[in-house]
Amino acid sequence: MDYDFKAKLAAERERVEDLFEYEGCKVGRGTYGHVYKARRKDGKDEKEYALKQIEGTGISMSACREIALLRELKHPNVIALQKVFLSHSDRKVWLLFDYAEHDLWHIIKFHRASKANKKPMQLPRSMVKSLLYQILDGIHYLHANWVLHRDLKPANILVMGEGPERGRVKIADMGFARLFNSPLKPLADLDPVVVTFWYRAPELLLGARHYTKAIDIWAIGCIFAELLTSEPIFHCRQEDIKTSNPFHHDQLDRIFSVMGFPADKDWEDIRKMPEYPTLQKDFRRTTYANSSLIKYMEKHKVKPDSKVFLLLQKLLTMDPTKRITSEQALQDPYFQEDPLPTLDVFAGCQIPYPKREFLNEDEPEEKGDKNQPQQQNPHQQPAAPAQQTAAPPQAPPPQQSSAQTNGTAGGATAGGGGAGAGLQHSQDPGLNQVPPNKKPRIGPSGANSGGPVMPSDYQHSSSRLNYQSSVQGSSQSQSTLGYSSSQQSTQYHSSHQTHRY
């Protein structure tokens with residue numbers, strides 16, 4: 001071995017501590033890493049970055065999978081991995097992301113706190129529409145490229161703060177993401193428990209063997225309902241959960257209490273679910289005879305004949321084969337009536353949400369959100385805390401929470417052809433359709449709020465990712481700022497949550 005050459009390479013290798021200023025700027029902490037708010041020391045740009053240090057030495061298989069995916073995925077609504085640093089001296093791994101100041105978990109918490117303080121301030125409906133549109137746009141891109149996210153929840157949906165991408169949604173935490181083209185084995189054989197419980201589709205709870213893109217759509221429906229009501233639609237107590245068993249009685253009970261028990265005609269294949277015998281044994285259809293999504297949403301002043309409710313109903317369809325797709329949802333009439341969705345979800349208004357607080361290096365890990373079990377994700381990305389939102393009057397400041405970090409999840413590495421080819425961005429037909437005589441403010445082609453549509457901004461790809469993934473069984477974990485996964489407390493009105501990147 002040429003030790004002189006090796007020493008020369010080590011001297012020339014870029015080191016995180018030489019390039020970025022991040023001391024005292026920790027914004028997240030978790031089981032699998034720390035997240036720092038960072039700036040370049042050389043002043044080449046004034047951008048803020050999220051710098052995630054993965055705990056331990058070396059790089060895990062799950063980290064390899066997330067890094068491989070993130071290096072390939074390029075879309076305005078998917079968090080951008082800027083660079084990976086490998087420290088050969090201490091074998092640390094650092095991931096550099098764009099910094100997002102907010103996430104939906106903190107935004108929703110802000111509005112929930114206003115209700116608790118007797119000064120209710122709902123999320124503006126125009127903001128809800130813009131958030132949902134951009135989430136669907138990002139997921140449509142992932143699905144078009146044969147990627148399932150599999151862990152969508154408010155903490156994994158970041159929103160950019162002040163800057164060039166102000167108010168832009170970023171889907172984060174790809175630690176559980178999976179390529180689903182020609183899997184070698186049924187996905188359920190590899191990691192049977194996927195997606196945080198409150199956002200888990202009923203087919204997963206019933207042990208579906210070959211689940212599909214529909215699991216992400218159900219989770220988006222849950223997020224949509226939470227944006228409309230400021231409460232998790234399917235929250236339930238989640239104690240003593242056996243994560244190796246997909247069936248969870250309390251979670252199914254909560255879903256049926258809101259939606260009603262599915263009729264045979266509404267979900268014909270429910271009898272084929274592996275856990276259907278358990279369902280028959282533990283549940284009685286008559287218990288939920290008076291339950292329906294219509295009644296639940298009417299309590300929150302959402303009319304059953306409104307376009308917002310009709311889209312929610314399509315997203316939360318029990319039968320996954322009848323559930324709407326992301327492409328269909330993007331063309332739903334809900335997005336074609338005023339106010340049209342905007343690229344800046346804050347619509348140019350002042351952002352009332354507080355910025356993320358810095359954590360002390362010796363500050364103990366936050367105790368909140370321990371009661372919401374989820375799959376372990378040994379590697380994840382930091383999400384941004386909630387900060388400022390749209391124009392509504394300033395609500396009383398909620399309890400401030402600090403971001404936590406977690407690792408990445410699951411296990412698959414990039415193999416085969418590697419990530420070099422990149423994604424081909426071809427415009428999907430039909431997604432630029434808007435109502436007659438209406439000028440779109442945002443679309444799959446994206447544009448500045450109120451400005452002309454620029455097709456290059458929001459292009460979708462139907463090409464597959466140019467590499468294969470070998471999958472290991474995924475273990476459960478917490479996550480980092482929207483750049484990873486985190487847990488929510490059953491006391492959802494007062495708990496803190498970690499963020500993801």
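Cβ coordinates come from backbone N, Cα and C, glycine included.
Since this is a predicted model, take the numbers as computed values, not measurements.
The following features are taken from Swiss-Prot:
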type     : residues                                                             : note
MOD_RES  : Met1                                                                 : N-acetylmethionine
DOMAIN   : 21-335                                                               : domain 'Protein kinase'
BINDING  : Val27, Gly28, Arg29, Gly30, Thr31, Tyr32, Gly33, His34, Val35, Lys52 : ATP binding site
REGION   : 362-501                                                              : region 'Disordered'
COMPBIAS : 371-392                                                              : compositional bias 'Low complexity'
COMPBIAS : 408-421                                                              : compositional bias 'Gly residues'
MOD_RES  : Ser449                                                               : phosphoserine
COMPBIAS : 467-495                                                              : compositional bias 'Low complexity'
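For the binding-site residues Val27, Val35, counting C-beta atoms within 10 A of each C-beta gives the highest total at Val35. The Cβ neighbour count for Gly33 (ATP binding site), using a 10 Å radius over every protein chain in view, is 33. For Arg29 (ATP binding site), the Cβ neighbour count at a 10 Å cut-off comes to 26, with all displayed protein chains included. This prediction places the mean pLDDT of the domain 'Protein kinase' (21-335) at 89.
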